[in-house]
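The block underneath contains the structure these notes are about, expressed in structure tokens.
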Amino acid sequence: MDLPKAYDPKSVEPKWAEKWAKNPFVANPKSGKPPFVIFMPPPNVTGSLHMGHALDNSLQDALIRYKRMRGFEAVWLPGTDHAGIATQVVVERLLLKEGKTRHDLGREKFLERVWQWKEESGGTILKQLKRLGASADWSREAFTMDEKRSRAVRYAFSRYYHEGLAYRAPRLVNWCPRCETTLSDLEVETEPTPGKLYTLRYEVEGGGFIEIATVRPETVFADQAIAVHPEDERYRHLLGKRARIPLTEVWIPILADPAVEKDFGTGALKVTPAHDPLDYEIGERHGLKPVSVINLEGRMEGERVPEALRGLDRFEARRKAVELFREAGHLVKEEDYTIALATCSRCGTPIEYAIFPQWWLRMRPLAEEVLKGLRRGDIAFVPERWKKVNMDWLENVKDWNISRQLWWGHQIPAWYCEDCQAVNVPRPERYLEDPTSCEACGSPRLKRDEDVFDTWFSSALWPLSTLGWPEETEDLKAFYPGDVLVTGYDILFLWVSRMEVSGYHFMGERPFKTVLLHGLVLDEKGQKMSKSKGNVIDPLEMVERYGADALRFALIYLATGGQDIRLDLRWLEMARNFANKLYNAARFVLLSREGFQAKEDTPTLADRFMRSRLSRGVEEITALYEALDLAQAAREVYELVWSEFCDWYLEAAKPALKAGNAHTLRTLEEVLAVLLKLLHPMMPFLTSELYQALTGKEELALEAWPEPGGRDEEAERAFEALKQAVTAVRALKAEAGLPPAQEVRVYLEGETAPVEENLEVFRFLSRADLLPERPAKALVKAMPRVTARMPLEGLLDVEEWRRRQEKRLKELLALAERSQRKLASPGFREKAPKEVVEAEEARLKENLEQAERIREALSQIG
């Protein structure tokens with residue numbers, strides 16, 4: 001046997017990771033096997049592995065390995081995303097260290113630098129995924145800006161444009177002054193933030209004033225109206241009049257609009273169409289022309305802006321404007337207020353709003369194609385609740401702003417004629433050809449749009465482009481649609497819904513059959529991990545400390561029902577201990593072979609039990625994999641390996657092995673081989689190593705998934721009675737304070753035949769012998785099928801034992817009383833953190849239960 005005494009993941013995992021990277025599991029579209037396809041959510045090319053990636057890819061790899069073993073042509077398509085904003089920001093930071101900006105280099109040279117950076121550093125995250133054991137088809141690795149994916153993007157846009165679904169129009173958009181680009185609503189994060197609410201007084205035409213409340217006093221100078229609710233009697237007499245913007249000579253109308261909230265502030269709303277989405281909608285309804293006073297750099301500008309504020313940053317301008325309003329008597333009050341601060345999800349900068357031409361995609365007709373499919377039940381969701389969430393979003397979807405003011409990304413294939421201003425987009429049949437003259441007037445003076453597509457535009461094509469679309473490739477014919485998409489619920493709208501749109505529109509069918517949505521990985525307190533909080537758990541550090549198998553297994557084990565995961569390091573310790581337990585069990589089996597001399601070949605009760613229990617386990621675990629309930633599958637495997645195999649069968653097999661029973665050794669080997677197969681999708685490294693040592697076969701990943709054998713319910717029932725008898729004896733020893741190895745004598749009642757027929761195994765497991773008659777005084781432990789009675793005479797000083805128990809009982813009751821007093825205090829429950837209160841409740845429960853057990857034991861001895 002060549003397994004070292006102790007398991008060291010560092011000596012095993014890199015070896016297998018390198019082997020799988022060099023010899024990837026390449027799919028064959030002509031194999032004739034039924035396909036099973038997963039599209040890997042492409043991580044950002046800028047990225048390093050974080051816990052979300054680790055969870056996401058552990059689940060995918062478990063599924064792909066399972067299906068590969070089930071005989072499917074399992075295809076896991078990997079790749080990375082060019083991550084427009086994120087990548088551009090990374091490279092711009094590198095340039096800043098050289099004292100340069102992208103504008104110093106110019107677009108062409110800057111893009112050369114980005115590609116250079118991508119080639120040098122962009123493969124980091126895929127290398128890290130390989131270290132985690134990801135068995136993707138690395139021969140099909142894709143990048144959202146490689147040649148094939150670029151062709152798909154150009155073709156998709158050409159189709160959308162010539163079908164009237166892509167159009168260019170000026171609208172209010174989210175703008176990040178730091179990243180210098182527009183953002184979709186889904187790329188904006190809103191957080192409650194302490195701020196101020198200012199009440200300002202506007203002079204009304206003909207005398208009097210009207211007061212408005214705002215959190216953005218610096219935008220007052222862009223006001224185009226004051227709106228009140230049509231049913232608000234307080235302002236009915238002012239409708240149709242005008243009000244003067246403070247510190248200016250600009251007069252604006254007072255009008256009625258149902259969007260105004262009567263109960264917010266004063267009930268009168270300043271309408272600033274250029275700087276607020278709601279105001280923009282009100283302005284559209286009333287024909288108000290937007291006026292902007294904040295430029296794209298976030299600075300104040302415009303004729304309406306007082307000289308003292310021009311050129312100031314918007315936040316500095318806010319402070320200064322409030323001073324000016326106060327001095328001029330326009331500030332009525334200033335109060336603390338929690339504002340909903342909208343920030344860029346990439347850099348955290350508070351966004352601004354701006355109006356300028358952008359490319360848009362008409363989502364309503366596209367969403368309707370998807371909704372028809374979802375109503376037919378084309379796509380299953382796990383958990384099912386997300387289907388309604390997906391449909392609700394599609395039913396209320398707005399047009400998608402698909403252009404970004406970046407340099408890194410897919411440059412939009414649209415050209416503007418400098419003579420007649422016509423837009424030129426290549427037609428689908430010539431989508432790769434750049435136009436040389438204007439389709440409208442024939443002029444050769446064409447200028448290409450400088451904007452790039454939103455990163456999610458190319459990501460939305462992922463299930464198609466990874467298979468070679470728009471070319472009619474063998475992969476596309478064989479592997480579309482995909483089977484399961486595994487991703488986090490946080491990108492359901494950003495990515496999943498948009499892939500549905502692409503699939504139904506371009507292929508006429510769903511892009512995948514099932515969507516498995518998992519939660520976020522949070523810290524042990526349920527908080528999001530962030531560098532600023534200092535609570536980030538680095539998966540690579542965890543791999544170094546516990547092993548990749550342990551990390552994978554812990555994450556899968558915790559991924560129940562799509563809920564967020566609170567990751568406590570104790571779960572990683574649990575998984576590492578599980579790996580060690582399995583390793584030691586395998587060493588025992590291999591050691592048992594050495595020098596074994598067969599003297600008999602008879603199935604024991606334990607052998608029959610283990611084979612039957614394994615058969616049930618195979619059936620249950622297979623069903624859980626099929627239902628995509630990997631967390632429960634992990635728990636079932638854990639129970640089967642740790643409890644049934646290691647704790648019970650392995651121990652019960654020792655007397656038979658000692659007696660030279662070949663059937664028992666064969667059962668150990670065969671059961672272990674099946675357990676390694678069941679666990680392989682979740683813990684591929686350790687199981688591959690042990691399977692090779694056990695069977696001599698090179699690649700467990702290519703072995704067949706086990707089929708359930710026959711059930712032996714009689715053996716399962718009999719062995720369960722034996723287990724209960726042993727458990728009862730062990731509990732009695734613990735109750736009496738005796739060491740587990742202490743030899744005792746017990747009297748059994750109930751289903752005792754299995755014990756009597758397997759007395760040697762019972763004695764070995766319990767270190768107990770049977771009494772022929774029921775003792776008068778004894779500690780009693782009742783189990784569902786067996787009751788055990790253990791007299792204390794001759795084992796210990798009964799009176800001394802009684803004194804110790806009574807003393808402990810008093811201590812426990814005192815502790816329980818202290819907890820009850822603390823929990824009864826309103827101050828404690830109101831002020832103490834929730835986890836502190838829960839811990840105190842758990843202490844009280846445990847102490848009361850222990851006290852009850854001691855009372856019962858004392859009453860039994862008399």
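Keep in mind that glycine also has a Cβ here, set from the backbone N, Cα and C atoms.
The annotation L-valine binding site is assigned in Swiss-Prot to Pro42, Asn44, Asp81. DSSP gives Pro42 (L-valine binding site) a coil state; it is part of no helix or strand. Applying an 8 A CB threshold to same-chain residues 6+ apart, the list for Pro42 (L-valine binding site) reads Pro78, Gly79, Thr80, Asp81, Ala142, Phe143, Thr144, Ser459, Trp462.
Residues or ranges marked as motif ''HIGH' region' by Swiss-Prot: 44-53. Taking the motif ''HIGH' region' (44-53) as a whole, pLDDT averages 86 in the prediction.
The Cβ of His50 (AMP binding site) lies under 8 Å from the Cβ of Met529, Val536, Asp538, Pro539, each of which sits 6+ residues away along the same chain. Residues or ranges marked as AMP binding site in Swiss-Prot (evidence: a large-scale study or a structure entry): His50, His53, Thr487, Gly488, Asp490, His518, Val521, Met529.
The annotation Zn(2+) 1 binding site is assigned in Swiss-Prot to Cys176, Cys179, Cys344, Cys347. A 10 Å cutoff on Cβ-Cβ distances gives Cys344 (Zn(2+) 1 binding site) a total of 21 other Cβ atoms nearby, all chains included. In the three-state DSSP reading, Cys344 (Zn(2+) 1 binding site) counts as strand.
The Zn(2+) 2 binding site feature in Swiss-Prot is assigned to Cys417, Cys420, Cys438, Cys441. Cys420 (Zn(2+) 2 binding site) falls outside any helix or strand according to DSSP and counts as coil.
DSSP classifies Lys531 (ATP binding site) as coil under the three-state reduction. A C-beta separation below 8 Å, combined with a sequence spacing of at least six in one chain, links Lys531 (ATP binding site) to none of the other residues. Summarising the annotation, Swiss-Prot assigns ATP binding site to Lys531 and lists similarity to another entry as the type of evidence.
Swiss-Prot lists Arg570 with the feature site 'Interaction with tRNA'. Remark: Arg570 (site 'Interaction with tRNA') has no non-local neighbours by Cβ distance under 8 Å and separation of at least 6 in sequence.
Per Swiss-Prot, coiled coil is recorded for 802-862.
Around Cys438 (Zn(2+) 2 binding site), a 10 Å sphere centred on its CB holds 21 further CB atoms from the protein chains shown.
If you take the Cα of Thr487 (AMP binding site) and the Cα of Asn44 (L-valine binding site), they are about 14 angstrom apart, rounded to a whole number. If one looks beyond the motif ''HIGH' region' (44-53) by at least 6 residues along the same chain, the residues whose Cβ comes under 8 Å of a Cβ in the stretch are 80-83, 86-87, 90, 118, 122, 124-125, 128-129, 132, 143, 488, 520-521, 529, 536-540, 555, 567. Recorded residues Cys176 (Zn(2+) 1 binding site) and Asn44 (L-valine binding site) have their alpha carbons 20 Å apart, per Cα-Cα distance. All chains included, 21 other C-beta atoms sit within 10 angstroms of the C-beta of Cys417 (Zn(2+) 2 binding site).
Looking only at the binding-site residues His53, Cys344, Asp490, Val521, the one with its C-alpha closest to Cys438 (Zn(2+) 2 binding site) is Cys344. Those same-chain residues not listed among Cys176, Cys179, Cys344, Cys347 yet with C-beta within 8 angstroms of the centroid of the Zn(2+) 1 site C-beta atoms are Ile85, Val89, Pro177, Arg178, Thr181, Leu183, Thr343, Ser345, Arg346, Gly348, Thr349, Ile351.
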